[in-house]
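Undergrad: Structure in structure tokens, see below.
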Amino acid sequence: MATQKEDHTALDLIIKSLKSPTMVCEGTHFDGKIPHTFVIFGASGDLAKKKIYPTLWWLYRDDLLPKPTKFCGYARSMLTVDSIKEQCLPYMKVQPHEQKKYEEFWALNEYVSGRYDGRTGFELLNQQLEIMENKNKANRIFYLALPPSVFEEVTVNIKQICMSVCGWNRVIIEKPFGRDDASSQALSDHLAGLFQEDQLYRIDHYLGKEMVQNLMTIRFGNKILSSTWNRENIASVLITFKEPFGTQGRGGYFDEFGIIRDVMQNHLLQILSLVAMEKPVSCHPDDIRDEKVKVLKSIEALTLDDMVLGQYLGNPQGTNDDARTGYVEDPTVSNDSNTPTYALGVLKINNERWQGVPFILRCGKALNERKAEVRIQYQDVPGDIFEGNTKRNELVIRVQPGEALYFKMMTKSPGITFDIEETELDLTYEHRYKDSYLPDAYERLILDVFCGSQMHFVRSDELREAWRIFTPILHQIEKEHIRPITYQYGSRGPKEADRKCEENNFKYSGSYKWHGGKAATSNH
């Protein structure tokens, strides 16, 4: 079991690697002698308040940022640093003994108010950055926590007015990266006309999660798994994302994109590419992303026959107003909306390793639990001698909540009789690494930007292949006004989804569910 002392030792090693010129490797090093400036566009928004400012504070608190690093917010709202500080406080997780350092962090912050569609605000911003940097050589990071509608104007103004002349410049872009292949390609072409690919960091925060980053180690660092990771041994792969709440007043925003664009086309497909890709030449970011692109190119475009679409209804027995409110009852959603809040899609990979193995992606809102996981289901044991009682082995990678890795297998029940039962080999992080600190996904990713590692960011050709797979079905759903199947708030989703899983070689026995080391009877 890891101790608190060991955890601090690990942190010390990270800090040493970040700052020592003798320990330079891809994505683990920055120049601590050059000033860095981090600019947050959309500083008045929820993402900045709940994620970006807290992440920057945690990195500063743990001495993981180069010194000096300063921060500047930019938005249309007339705000002050003190007002931003007050709005962020509930999300900063400040301990009493950290108060002095917390005040030091905010002393490094500035704020500029301005429009996104004109030069004046950006000229004021650049003047402020030069003052913060004392007009010295400095590296600049620009985080666009903004709606896509202003991306083009903001990036043009950054390029023309705000770029560091002597240092490097990096631009972080939040999804959505377009609505389909055409709009995504238009955005990519626009960005390519302004920046080099190594300056662009398209962020998918799921790529920063502990167990998603662990996928490569699990696959390529264990002979027992790597040798069975193929169609000869694996029956199906189920990648799941479930949320127990609905749109909760954000229906108008969600209705513009839907669950496929919001979760499946990005988060789940990125996980699939890590599960299914071939072994890269090295751990260099481009080698890894090359293999991800190769496997994406092997995937057929989705069709309606491959999918189940759902939309939640209110539950009359719900314990609160949200649970009793259906999706189209949200006042910000049209009464005749066909936008799916649940989707299941079966992807087929046409290559030697995976031919015939269904990759099932499912995601939904207003379901029975919060869960994100990868479930690798192995084939039935040939020549079963246990009267058909043998269940399939499963390797389960739990992304959230409660990071874990466990392997479902058959063993003899303790006792005098010769009965068999399903149990697991369990690596639950909160048990094995009890005192270890697991960074938030944004901490990992923002630190990667400082270090110049693009391993966990989406490259333009990855994006192009992702939209190739999903654009035809998205257009068909919208043009033909495909009606989703209704399901009740708090349920497991449409029953048709379970049937689709069964049709695609996923077997569920219904007798066993993992609870972080405790087994119980439950519905999957």
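In case you wondered, yes, glycine gets a Cβ from its N, Cα and C as well.
Below, the features straight out of Swiss-Prot:
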type     : residues                                                                                               : note
ACT_SITE : His267                                                                                                 : active site, proton acceptor
BINDING  : Gly42, Ala43, Ser44, Gly45, Asp46, Leu47, Ala48, Lys49, Arg76, Lys175                                  : NADP(+) 1 binding site
BINDING  : Lys175, His205, Tyr206, Leu207, Gly208, Lys209, Glu243, Asp262, Lys365, Arg370, Gln400                 : D-glucose 6-phosphate binding site
BINDING  : Arg362, Lys371, Arg375, Arg398, Tyr406, Phe407, Lys408, Asp426, Leu427, Thr428, Arg492, Tyr508, Trp514 : NADP(+) 2 binding site
MOD_RES  : Ser20                                                                                                  : phosphoserine
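For each listed feature, how buried is it and what is near it?
TA: Around His267 (active site, proton acceptor), the same-chain residues six or more apart in sequence whose CB sits under 8 Å from its CB are Asp204, Tyr206, Phe241, Cys363, listed in sequence order. The secondary structure of His267 (active site, proton acceptor), as reduced to three states from DSSP, is helical.
Secondary structure at Ser44 (NADP(+) 1 binding site), taken from DSSP and collapsed to helix, strand or coil, is coil. Long-range C-beta contacts of Ser44 (NADP(+) 1 binding site), restricted to its own chain and to partners at least six residues apart, with a cutoff below 8 Å, comprise Gly73, Ala75, Arg76, Ser77, Leu79, Ile84.
Annotation for Lys365 (D-glucose 6-phosphate binding site): spatial neighbours Glu243, Phe245, Gly246, Thr247, Ile259, Tyr312, Thr341, Tyr342, criterion Cβ-Cβ under 8 Å with sequence separation of six or more. DSSP classifies Lys365 (D-glucose 6-phosphate binding site) as coil under the three-state reduction.
Annotation for Leu427 (NADP(+) 2 binding site): spatial neighbours Ala404, Leu405, Tyr406, criterion Cβ-Cβ under 8 Å with sequence separation of six or more.
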Undergrad: Here the binding-site residues are Asp46, Glu243; which one has the lowest number of other Cβ atoms no more than 10 Å from its Cβ?
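TA: The binding-site residues Asp46, Glu243 were compared, and Asp46 has the fewest Cβ atoms within 10 Å.
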Undergrad: Taking only same-chain residues 6+ apart in sequence, whose CB is under 8 Å from that of Gly42 (NADP(+) 1 binding site), what do you get?
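TA: Spatial neighbours, sequence-distant, of Gly42 (NADP(+) 1 binding site): Ala48, Tyr74, Ala75, Leu144, Ala145, Leu146.
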Undergrad: Per DSSP, to which secondary structure element type does Glu243 (D-glucose 6-phosphate binding site) belong, with helix, strand and coil as the options?
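TA: Once the DSSP labels are grouped into three classes, Glu243 (D-glucose 6-phosphate binding site) ends up as coil.
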Undergrad: Consider each pair of residues in Lys175, His205, Tyr206, Leu207, Gly208, Lys209, Glu243, Asp262, Lys365, Arg370, Gln400, all listed by the record as binding D-glucose 6-phosphate, and report the largest Cα separation in Å as a whole number.
TA: 22
